[in-house]
Amino acid sequence: MKFFSYILVYRRFLFVVFTVLVLLPLPIVLRTKEAECAYTLFVVATFWLTEALPLSVTALLPSLMLPMFGIMPSKKVASAYFKDFHLLLIGVICLATSIEKWNLHKRIALKMVMMVGVNPAWLTLGFMSSTAFLSMWLSNTSTAAMVMPIAEAVVQQIINAEAEVEATQMTYFNGSTNHGLEIDESVNGHEINERKEKTKPVPGYNNDTGKISSKVELEKNSGMGTKYRTKKGHVTCKLMCLCIAYSSTIGGLTTITGTSTNLIFAEYFNTRYPDCRCLNFGSWFTFSFPAALIILLLSWIWLQWLFLGFNFKEMFKCGKTKTVQQKACAEVIKQEYQKLGPIRYQEIVTLVLFIIMALLWFSRDPGFVPGWSALFSEYPGFATDSTVALLIGLLFFLIPAKRLTKTTPTGEIVAFDYSPLITWKEFQSFMPWDIAILVGGGFALADGCEESGLSKWIGNKLSPLGSLPAWLIILISSLMVTSLTEVASNPATITLFLPILSPLAEAIHVNPLYILIPSTLCTSFAFLLPVANPPNAIVFSYGHLKVIDMVKAGLGVNIVGVAVVMLGICTWIVPMFDLYTYPSWAPAMSNETMP
């Protein structure tokens with residue numbers, strides 16, 4: 001028994017050694033560059049899927065193994081670890097740091113929820129819309145961690161209001177004074193006492209790595225471990241949690257910077273097909289926004305029907321008197337918004353820079369009209385989305401947020417310096433360096449597959465798939481990544497599949513975008529399990545959900561997501577990139593029309 005206990009303790013170490021030794025015959029027996037690169041790929045993929053080593057540590061293995069096998073020199077491998085993607089990420093994180101530091105995210109979320117009203121159906125739609133909007137610009141993890149405490153406060157206020165109503169009714173039936181009017185007056189007069197207990201955001205989540213980096217401690221407060229007074233109260237808590245988790249993921253689909261998988265795909269695609277120049281912030285938003293919007297609405301309908309029922313008559317009934325619970329819910333949202341006070345100078349500057357960044361991204365090369373990049377026609381392709389992100393990002397370190405003063409010996413207050421919108425220390429606390437290393441390792445691995453000839457070999461072996469209909473190949477690849485991303489991190493999944501799907505598309509004479517776009521979008525559909533991605537884990541930690549709840553709800557959202565992506569790739573996305581024709585910017589293939 002003691003022997004087995006030691007095995008259990010050292011299981012990760014033993015697994016790493018076992019994997020390296022078991023796969024070792026591959027390069028020793030075959031002695032080809034393709035086999036040596038395949039060995040590197042299998043080792044890295046195994047460690048990424050099992051997390052026997054931290055994801056970022058595994059991502060460093062190509063920098064060791066590729067030079068060791070003579071596939072690429074060390075200098076060339078090292079250059080793959082810092083790409084245009086990293087500059088874009090730095091600029092975006094500068095924006096996210098300022099938004100969170102000055103509470104602009106909370107103001108946006110609360111304002112959008114106040115606009116939709118307090119009906120349970122519309123309330124969940126309000127939270128989903130605001131969460132999805134924030135997730136377009138911030139990381140999915142940060143968005144879920146920021147919005148969930150607000151939703152928790154609203155849900156607890158609803159439960160408390162129901163308790164007050166029941167207590168009032170019991171007092172009335174017992175012959176005592178009816179305080180129902182007093183409750184209504186307190187609601188209408190904005191005199192409700194705040195009853196929510198604060199919940200800590202869950203620390204220790206890496207941005208979009210898909211796994212929790214520290215254990216979550218469940219607090220036994222109002223939101224966690226509560227014995228719900230009614231079944232409806234418990235169901236409402238479940239519904240709100242799932243709405244926030246799923247919408248934070250769906251919102252990230254709409255922009256290249258919305259999630260790391262989009263960024264990884266964009267950098268890989270632009271590196272492999274530099275002559276395309278068809279994939280930028282504007283073009284991505286144009287084809288992904290309709291898909292994300294449809295998925296968001298259908299997911300809202302599915303979750304409403306699954307947990308509360310979907311009563312159209314009740315939802316659209318005008319002039320209906322609000323219940324005490326609805327008034328209390330509206331009150332707590334209003335109180336939370338009032339706590340923020342009037343909008344401050346720092347929030348205004350952050351919002352202005354945010355809008356400028358978005359406008360510059362959209363107008364750089366919109367496609368239907370010349371963009372501002374045409375001003376630099378002598379240097380085509382030099383200015384990219386990362387150029388814009390860095391320009392705006394640097395301004396956050398330059399623009400003053402407040403002046404620093406000191407009192408002289410004579411009692412005079414004088415300014416001696418200023419504090420910028422964000423500091424380098426604050427930026428570092430938000431910057432996901434682990435993601436930066438992980439993505440760099442993926443790029444190095446992709447370069448190794450290209451240099452060794454492994455990509456070409458895979459493409460030749462997969463060429464018989466060309467006899468299948470294109471839509472079936474897309475469906476199979478989409479289902480594969482959707483299934484794998486439930487147990488592996490999203491960035492690791494897309495990093496593994498891109499070097500496989502690109503040669504496949506080239507081998508069967510299909511526009512690479514036709515296969516890569518749906519596969520990239522489906523990589524984000526990790527809705528089934530709490531450990532599938534950080535937003536799921538964050539909402540699960542509040543104690544309202546069971547795993548079976550997420551599986552039932554997530555299965556429906558997964559089906560909706562894959563179906564909408566398949567619909568999009570066969571309809572409105574086709575004319576944008578001429579997907580039915582093999583492009584001239586892809587490796588030398590005859591221009592053939594797909595069957």
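Quick reminder: no glycine exception, Cβ is built from N, Cα and C everywhere.
According to TrEMBL, the feature transmembrane segment maps to 12-30, 42-69, 81-99, 119-138, 239-265, 285-307, 343-362, 382-399, 470-501, 513-532, 553-574.
When each of the listed stretches 119-138, 285-307, 513-532 is scored by C-beta pairs under 8 angstroms to the transmembrane segment (239-265), 119-138 comes out highest. Sequence-remote contacts of a segment are chain residues at least 6 beyond its ends whose Cβ falls under 8 Å from one of its Cβ atoms, and for the transmembrane segment (119-138) they are 92, 95-96, 99-100, 105, 108-110, 112-113, 144, 146-147, 151, 154, 236, 239-240, 243-244, 246-252, 254-255, 257-258, 292, 296, 299-300, 303-304, 308, 310, 314-315, 326, 329, 354. Tallying C-beta pairs under 8 angstroms between the transmembrane segment (285-307) and each of 81-99, 343-362, 382-399, 470-501, 553-574 places 553-574 first.
Segment contact is absent for the transmembrane segment (81-99) and the transmembrane segment (553-574), given fewer than three CB pairs below 8 angstroms at sequence separation of 6 or more. Within the chain carrying the transmembrane segment (470-501), a Cβ under 8 angstroms from the stretch's Cβ atoms is held by residues 41, 45, 48-49, 55, 208-211, 259-261, 264-265, 268, 435, 438-439, 441-442, 445-446, 449-450, 455, 458, 508, 510, 512, 514-516, 518-520, 522-526, 528-529, 532-533, 558, 561-562, 565-566, 569-570, 594-595, all 6 or more beyond its ends. Away from its own ends, the transmembrane segment (513-532) comes close to residues 210-212, 245-246, 249, 252-253, 259, 261-262, 265, 269, 278-279, 287-288, 291, 470, 473-474, 477-479, 481-482, 485-487, 490, 493-494, 497-498, 501-502, 504-505, 540, 545, 547, 550-551, 553-555, 557-558, 561-562, 565-566, 568-569, 573, 577, 579, 594 of its chain (Cβ-Cβ under 8 Å, at least six residues beyond either end).
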